[in-house]
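As annotated by TrEMBL, signal peptide applies to 1-17. Marked as domain 'Peptidase M14' by TrEMBL: 122-415, 485-774. Annotation comment: TrEMBL describes E381, E744 as active site, proton donor/acceptor.
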Amino acid sequence: MMRGLLVFATLFVAALCKDTFVGDKVLRIIPKNEAQLSLLKEMEEMPEMDIWRGVTGVGIPVDIRVPFHQLSSVKIHLQKHDIEHSTMIEDLQVLLDEEQQEMESSARFAQPRNTDSFDYANYHTLDEIYRFQDMLVAENPSLVSKIVIGQSYQGRALNVLKFSTGGTNRPAIWIDTGIHSREWVTQASGTWFAKKIVTDYGRDPALTAILDKMDIFLEIVTNPDGFYYTHNSNRMWRKTRKPNPGSSCVGVDPNRNWDAGFGGPGASSSPCSETYRGPKAHSESEVKAIVDFVKAHANIKAFISIHSYSQMLLYPYGYTSTPVKDQAELHNLAKKAITDLASLYGTYYRYGSIINTIYQASGGTIDWTYNQGIKYSYTFELRDTGRYGFILPANQILPTARETDKVLRIIPKNEAQLSLLKEMEEMPEMDIWRGVTGVGIPVDIRVPFHQLSSVKIHLQEHDIEHSTMIEDLQPRNTDSFDYANYHTLDEIYRFQDMLVAENPSLVSKIVIGQSYQGRALNVLKFSTGGTNRPAIWIDTGIHSREWVTQASGTWFAKKIVTDYGRDPALTAILDKMDIFLEIVTNPDGFYYTHNSNRMWRKTRKPTPGSSCVGVDPNRNWDAGFGEPGASSSPCSETYRGPTAHSETEVKSIVDFVKAHGNIKAFLSIHSYSQMLLYPYGYTSSPAKDQADLHNLAKKAVSELASLYGTYYTYGSVINTIYQASGITIDWTYKQGIKYSYTFELRDTGRYGFILPANQILPTARETWLALMAI
């Protein structure tokens with residue numbers, strides 16, 4: 001079925017005049033000797049061969065996209081010469097269709113209102129990135145300005161964001177992304193970098209110190225014509241879009257067009273080649289604009305050009321094997337940088353000069369900038385190493401962009417130090433990640449916080465070199481919590497404790513009961529003081545497999561403490577009312593989804609007389625209990641339980657609501673279907689407040705849609721989704737809580753309960769707007 005949908009999508013794309021790549025494969029080829037290397041270099045010049053990872057040396061992989069109609073002849077050629085090869089991507093169009101569907105599934109039909117609501121976990125079009133730049137400047141006029149340094153061949157603005165705290169001709173750092181237009185993760189990372197700079201200035205001491213003394217220039221879309229073309233015609237386009245006189249082939253490789261070894265080996269003189277150097281150095285306006293800017297500025301101290309893929313950090317030269325005079329320093333700095341990068345997710349990067357690490361390349365950006373006196377000239381090649389290549393899934397954007405932070409790395413210099421480290425391995429609580437091997441070989445040890453001082457003193461006393469690889473294994477505060485990923489029960493419980501500790505005057509934790517298996521049923525209370533004030537209740541995760549709800553609940557909690565005192569609407573609410581938030585309403589089930597069965601929905605209480613476990617906690621309430629819309633079978637996903645309120649997870653809320661007596665709104669959050677529902681579910685008789693509930697639901701879904709255009713249906717449970725008896729909001733409505741609603745969050749079925757993590761933040765943000773409307 002899915003394959004059929006993808007084929008349909010391919011036909012639809014073709015109808016829109018986009019280039020398609022049905023059946024094209026990406027082959028990984030590994031040359032064993034110089035003869036095979038020579039043959040592969042000849043293949044690089046063959047028409048339609050799209051070199052993803054070029055020929056470097058014996059034993060080093062080469063990745064080539066082979067069009068379907070040439071596949072048979074290419075494979076015969078490789079086999080004839082005994083050249084080892086394997087398939088990295090089976091059908092390129094399948095990945096492209098999935099990428100397109102993922103962009104569409106994020107439902108970005110409306111413009112984000114500000115850069116906080118911009119979806120950094122998805123890929124964006126040129127217009128969307130340009131709008132983002134304008135919003136960022138408008139929001140931060142004292143820190144960010146936009147400079148137009150030129151125009152592309154097709155007349156598009158070459159925008160550079162300048163981050164500065166004032167002064168003229170200060171020392172500066174240049175960063176560019178997207179010079180090769182198909183490398184989408186680079187433009188996406190560049191967008192995230194821009195937001196990170198404005199967010200961290202004044203908070204992060206290192207960044208603040210840089211911006212207090214230096215400017216940062218960031219060109220996010222360095223090749224806008226090419227980037228536009230990748231979205232509208234050919235996703236695999238790499239070059240500029242300037243026609244070449246005398247040839248039907250279009251464009252120049254803007255990373256072979258610089259006046260540094262221009263025209264030498266490592267670039268092509270053929271206009272049809274992916275590495276065509278152009279008719280002369282700086283012929284491309286996209287390159288010439290940067291050249292002119294750099295020469296005019298004359299005080300740029302670091303130049304960082306960001307590409308993908310291969311996971312490398314490279315320094316000059318690419319056009320010659322002669323080492324740069326600063327090679328030792330550039331090499332050591334690269335080593336430190338990739339070590340820091342690896343500390344976050346363990347992503348392995350290679351590093352070295354271009355010609356020795358990847359391949360010979362003439363006319364490259366950083367060779368020219370280095371020759372202009374910009375010592376710290378580097379090229380990054382971001383994720384991955386070839387599994388997806390240029391079609392990196394969107395769920396890797398944020399991890400790729402974030403790979404920065406700091407496990408204790410120790411390097412023994414001699415046998416005496418080696419002996420001391422072997423003794424350390426036997427110390428209690430020392431967690432050896434990389435054991436003692438030999439002199440000069442790193443040892444990695446996780447050191448508990450309470451032993452850190454003594455261990456560092458011990459190392460210093462014996463002159464043992466060490467550095468910090470991971471600064472803090474767990475997030476120390478809620479600012480460093482990763483809201484864009486799914487988390488375990490223990491991680492969410494730790495988050496709650498951190499939030500309370502950081503905000504004691506606003507947040508407290510109430511334990512309203514225990515689950516069947518003895519886990520605490522935690523409720524966060526947000527209050528500015530007073531007793532028995534009017535209140536709003538929000539719960540997430542009553543159905544344990546609906547992970548986007550617990551993730552959204554965690555984000556809501558942080559949003560409340562962040563916005564109180566800043567957002568007038570929320571501040572007005574909390575000055576008069578309390579908010580109660582139960583993030584993990586079914587902790588036994590949630591734990592089970594992480595450790596045994598991802599699709600588990602119910603509680604985990606055994607059912608006497610049956611081998612089937614658990615009750616549906618949204619069929620266990622005393623509102624039409626036992627009527628149609630719930631099951632009497634213990635093995636059913638909608639099993640109602642033996643009696644109403646038989647489940648402690650339900651009974652604890654019942655008791656809390658009754659004891660409080662002043663809850664004005666009750667919001668129970670589920671997934672999926674994109675719906676906002678009000679009572680009743682067990683009967684078709686309308687609730688007496690149906691008109692008010694319906695109008696408010698209409699307003700709330702309109703607010704929700706204003707952010708990304710996500711469409712929600714709304715109405716009573718029975719008329720909108722199905723008959724359901726014994727449900728939460730029917731009981732709360734009958735208790736006099738007029739504004740009783742159930743949300744069914746994203747999506748409408750493409751992923752269902754397995755919503756990709758890159759949709760957590762968009763889902764939470766848009767839902768928040770609806771919550772505020774209610």
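Including glycine, each Cβ sits where the backbone N, Cα and C put it.
Model confidence over the domain 'Peptidase M14' (122-415) stands at 90, taken as the mean pLDDT rounded to a whole number.
E744 (active site, proton donor/acceptor) and E381 (active site, proton donor/acceptor) are 40 Å apart (CA-CA, integer value). Under the three-state DSSP scheme, E744 (active site, proton donor/acceptor) falls in the strand class. According to DSSP, E381 (active site, proton donor/acceptor) sits within a strand segment.
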